[in-house]
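To start, the structure itself, in structure tokens.
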């Protein structure tokens, strides 16, 4: 596999301003030249956006041909009118692009509560031509809200290409975070294989990151395969995993107000789930996050976060905690001599590696988080309404 | 019941500086003139301080005669030496006060990791007399860490008095939060009744607050009854509930960096547990907390927090959300006309009441939290080691 700039065969893009945001692009399209095998995973938040149930319905048969994204308004908590507006957009698009409405996956991201300016969107679609491009740049721009940059990754797998695009930075608009990711490939993927493949990749990437514990109402990751090239399934899975991991890291790196990225590995737990829960408890602790922001090797907070993890089985006497290569706690004792080295390590690195070895079982898991800064409070406390 | 300044019959207090902290009082005692019926509840954090297992062991027989608190060092993650140090203190005290070692409950709060300066403490106890007082002030001072003030509440129940003392402000030392609370009464309480009484009171008070989701390694609430007065059990329970609720509120009011207190009631849920979990999800959301700090009536974040609550059953179409008396969301619609009034309400009040009516069942629950401010980040990111 190598990094590959070209887009997969059979996909085109579009991104423009239709008038949801004031000036910036707010309407994006991905269109395939024929129906693709497809899978998607969605937010588990039950107070979810109007796009989510429609998306679930449309991807049920493992087929999609297009993705439409509106940004600036999330179309969440908008009731019957919100749902109808979404269908109006899908119908206009289906007619205009001559594809089945049921093969379009809709997404929306932005402020919760307001209705989409549906007349403006319909008038735009009636009046303006849609000129699709091979270049994904306009689309990647059109799905952003408070993101600082577009986030795109691609890889080559045999003759095929796999391309991933993601948006998300923890909080988007000062109202609601949403992570949207679209992964496209011209490889051939069987219908019954596409969802399990995506699930494997998502579980070890997007589902291992946390910026602020708050699950958005609109999160969506979709995977479309246009089927032009036969490739080895294991190689494609590996590339998909790598793309998803890369995109997930891009999201944490663009996290609101963050100055550090924290990679936490919990080793030798009784189960993968326990290792993951312990890691999440650490990266989600406000006390761990503020200590990281303050460059403070405050390992007591790591111990606290470990101890409050529900269902985690461990023996305090066997636990070892490392910052980078430096042990700070072992045999129920503080390794005082390393405090200054660790303070320096935190000071001088943007990526901080923390390892907790439970010496309890054989399962390990890595999660990725970030610090909690003044800037996070600023971004999210600014008056928005 | 009326607020009553006197302490319950049969208890005396002590507070002094033994040399754990630099200057401030760091060693406190409560001593009863005879063995009391007693109960205690402890942190659920499994990475707990050395005092916790000793305390559990000593209160097992529902009897205690004294409480000793050291502050400045938490005696957590200190292994065998930490455990032995705690027993050394208990033995010295038992000899000096001529009470059974097994009738003393130990607590410790402060920095995690270091060992107690045990020689200094032993030398002090060997050299200095312990002069017990009826006044609780020195004791209440001696258990503080970064608290801004002592926190004490008392009530009269018939002839009896009930007195509660608490420390805790979310984070204590810039290292580890601990909430310690001691409730004393001269009322008579049967052995088999004292733990259930305390459990009822704690569940509807201390267990309904959250400052930063991080469960300390040393939390302890103890209830001692010296048995001088017969009172009606229902009245004592009511007074105990009220004392615990008051003390819990005092802790939130002293929360690190907080500018607002948020009372969240989730009404008409299918179960009390669901109502509580939904409330906790709201008061623990960093996005809800930063919005409160910014005086932002950002109800979309309330909806998000509701939706991410695991196991919560509700129908979005039936949910109503109120700030104070003002509805902001009902019949799946934003009540736009109230936004300005709500912004004003948040601006002008320190206590913010938020009500979520699920219209799903008949159970309700109130939880209490606070905002997330620059000051919280400052307090907890300051270099501590």
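Backbone N, Cα and C atoms are what each Cβ position is placed from, and that goes for glycine too.
Annotated in TrEMBL:
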ACT_SITE  B:178  active site, nucleophile
BINDING   B:145, B:167, B:178, B:256, B:380, B:385  substrate binding site
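Recorded features from TrEMBL, shown on the structure.
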residue : record                 : Cβ within 10 Å
B:145   : substrate binding site : 26
B:167   : substrate binding site : 30
B:256   : substrate binding site : 24
B:380   : substrate binding site : 29
Sites among the binding-site residues B:145, B:167, B:256, B:380 close to chain A [C-beta, under 8 Å]:
B:380
In DSSP terms, helix, strand or coil for residue B:380 (substrate binding site)?
helix
DSSP state at residue B:167 (substrate binding site), helix/strand/coil:
strand
